[in-house]
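Sequence annotations record features per position, and here TrEMBL assigns domain 'LUD' to A:75-306. The domain '4Fe-4S ferredoxin-type' annotation in TrEMBL covers A:322-391. Residues or ranges marked as domain 'Lactate utilization protein B C-terminal' in TrEMBL: A:400-490. As annotated by TrEMBL, region 'Disordered' applies to A:481-507. Here TrEMBL flags A:483-492 as compositional bias 'Basic and acidic residues'.
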Amino acid sequence: MSGGAFVGMPAFPPFPRAAHEAVRNTTLRANLRHATHTIRDKRARAVAELDDWAELREAGKRIKDETLRHLDRYLEQLEESVVRAGGTVHWAADAAEANRIVTELVRATGETEVVKVKSMATQEIGLNEALEAEGIHAYETDLAELIVQLGKDRPSHILVPAIHRNRGEIRDIFREEMGAWGRPAPDGLTDTPAELADAARLHLREKFLRAKVGVSGANFMVAETGTLVVVESEGNGRMCLTLPETLISVVGIEKVVPTWRDLEVFLQTLPRSSTAERMNPYTSMWTGTSDAQTADGPRAFHLVLLDNGRTDTLADEVGRQALRCIRCSACLNVCPVYERAGGHAYGSVYPGPIGAILSPQLRGTGSEIDASLPYASSLCGACYEVCPVAIDIPEVLVHLRERVVQGGEVTRRGVKVTLKPARGHAAERAAMRAAGFVFARPGALRLGQRLASRTRRFHPRTLPGPGRAWSAARDLPKVPAEPFRDWWERTRGGAAQGSGRQEVSGK
Amino acid sequence: MRVALFLTCVNDTLYPDTGRAVVKLLTRLGVEVDFPAAQTCCGQAHYNTGYRHQAEPLARHFSDVFGTDAYDAIVTPSGSCGAMVRELYPRMGERARAEGRGDGLARRLAPVVAKTYELTEFLVDVLGVTDVGAYYPHKVTYHPTCHGLRSLGLGERPLRLLRAVKGLELVSLPGAEECCGFGGTFAVKNSDVSAAMGADKVRHAESTGADVLCAADNSCLMHIGGTMTRLRTAVRPVHLAEILASTEEEPLS
């Protein structure tokens with residue numbers, strides 16, 4: 001397991017504790033509610049336009065599963081193709097290795113600045129922080145990432161990293177912080193979207209024109225030709241991918257697809273699922289390096305293939321479906337828990353339902369936050385319903401809960417290890433065992449029910465201790481005068497009375 | 001037609017009125033109902049909290065109790081417990097097989113998987129009725145619970161049944177498909193988020209002006225109802241079976 005990305009960062013509190021604060025933040029709640037419901041409704045309309053959506057979803061799932069089954073083969077094919085096209089391929093087992101590779105590559109150019117395309121993989125490994133520690137400044141060029149970077153904040157959404165910020169907050173961040181990073185915000189900047197976008201455009205344009213090194217991720221890598229694909233909306237990606245002389249792409253190994261034909265499926269499902277667009281505005285594809293005759297494209301291209309827990313995840317036959325994810329974030333936008341807890345509560349660059357199953361697999365379940373993530377769901381299933389590659393997120397959540405409470409065999413850095421049950425579940429384990437004992441014996445169950453019924457006058461309306469978690473916000477149900485089974489036994493289903501309802505005498 | 005009532009441990013212990021309503025309703029429709037007294041719990045809470053291995057004996061017990069040829073069907077007034085048997089019992093069997101424990105569990109659970117119906121499925125699909133002769137002169141809004149909606153795919157069935165109830169005015173619930181926040185142990189493990197979801201659900205129910213919030217799962221209604229009384233709202237939670245059991249001669253009090 002590699003926690004490289006989080007070295008030096010404070011440990012994240014377990015999900016319930018982080019969420020406790022977030023649900024009380026009314027501004028955050030309002031921002032998230034407005035944003036997620038808007039995207040959610042638009043997505044539903046965009047998806048409903050396609051009468052073959054179910055088939056596209058199934059095809060996407062199958063392509064990903066087939067690729068993951070033969071991942072070694074497709075990665076080697078990809079490497080060959082990239083090298084043939086003039087690129088260089090680097091293999092990084094974990095975050096630290098990936099950061100080291102990128103740092104050395106930037107250093108070799110003699111540059112101390114890089115411009116970045118929005119990339120989840122580089123956030124996962126904490127690349128910006130690692131580069132900064134070596135005196136290299138990384139500038140985020142995606143509008144939302146820029147807001148996050150200027151605000152010294154953390155992203156809280158995969159697609160819309162600054163979803164937790166409203167226009168007024170963004171204006172304040174631009175006014176206060178832009179000057180320290182480059183061109184300051186124009187005087188009298190208001191919170192209208194057009195003015196904010198314009199301020200960002202002016203600020204970023206200087207960076208694009210100056211930078212000699214670009215850093216990106218990729219949405220897809222096509223094994224047969226070595227082509228990388230970035231799907232985006234703002235055009236900043238296109239600038240970063242074409243203007244700098246050196247391009248370094250850090251990509252998770254699960255992003256490979258075998259052929260161009262496979263893109264046909266994902267280029268339909270990804271935009272509709274993420275931004276609710278029929279087609280995204282910018283799709284950039286590049287294959288290796290451009291020669292001197294070509295106007296566009298980098299002169300040097302490096303692909304860093306990132307494992308960082310992916311091979312271990314692949315070894316788990318239930319959990320591996322998480323690797324199908326194409327980072328559309330549809331699951332975040334429909335999740336009632338995400339909507340109320342916000343992205344930061346997930347303690348990872350991957351928030352929401354997909355984060356709750358990815359982080360504890362990529363990082364292991366050793367930390368408080370990672371052991372709490374599988375429980376950050378009511379298992380309502382809305383995420384599975386919208387997932388364009390049919391990841392059964394509730395199934396994986398329950399699977400990971402089992403890993404937390406029961407332990408068992410997992411793969412860590414390619415080696416099979418046996419996990420012990422996590423601490424902090426002793427009372428729950430005892431309760432489950434006790435319940436199992438009672439439920440194995442109908443007589444014991446009846447005894448308990450009768451005891452509850454007979455003492456019902458003395459039941460409190462609220463509970464002390466751990467029971468407060470229920471009764472702080474909800475009244476307890478009233479225990480009836482007799483359980484159903486006693487009524488049934490007494491009346492044989494009310495047959496004697498000819499009625500299904502009757503007063504209980506209290507016997 | 002002879003059916004076994006799989007009432008669920010929650011209903012048996014806390015909501016006997018729902019059980020009596022199912023018996024009354026099915027009996028009125030000419031179905032012979034039996035309540036196998038050896039039934040306890042399907043194991044859903046164990047399974048969903050991560051105790052799959054401890055849910056297995058409960059599933060085997062369930063199958064022993066209900067999986068006899070004496071019953072044409074197993075009927076339950078709970079979407080989530082119905083989904084446990086139909087969706088998760090087969091998965092438990094598959095996992096046991098994947099763990100090298102053979103087909104034993106899958107074979108043992110198979111008879112109950114095929115015969116288990118959630119109440120509205122049984123009424124609409126098996127009995128082929130939507131008008132069950134019910135009378136309920138109230139303004140009602142319906143909350144489709146997550147497992148009923150997404151795991152079992154109950155769809156329009158509950159609404160068709162409600163629309164046919166005499167005197168009932170059905171009003172639609174804003175954000176109906178959003179989870180109420182119960183989620184079993186989620187309600188206590190993540191009580192802040194759960195309570196926030198519950199409060200939003202209750203607020204939506206109140207906005208409809210309905211007297212009654214109806215659902216087909218008392219676990220969710222326990223959470224929603226507990227939130228309602230705490231927030232002192234005018235809306236009451238009522239299980240769908242109790243509405244369908246109510247008639248002009250014997251109205252639900």
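Glycine too: its Cβ is placed from the backbone N, Cα and C atoms.
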Residue counts (helix, strand, coil, in that order) that DSSP gives for the compositional bias 'Basic and acidic residues' (A:483-492): 8 helix, 0 strand, 2 coil
Tally of residues which DSSP labels helix, strand or coil - the domain '4Fe-4S ferredoxin-type' (A:322-391): 42 helix, 0 strand, 28 coil
Per-region confidence, the domain 'LUD' (A:75-306) (mean pLDDT, whole number): 95
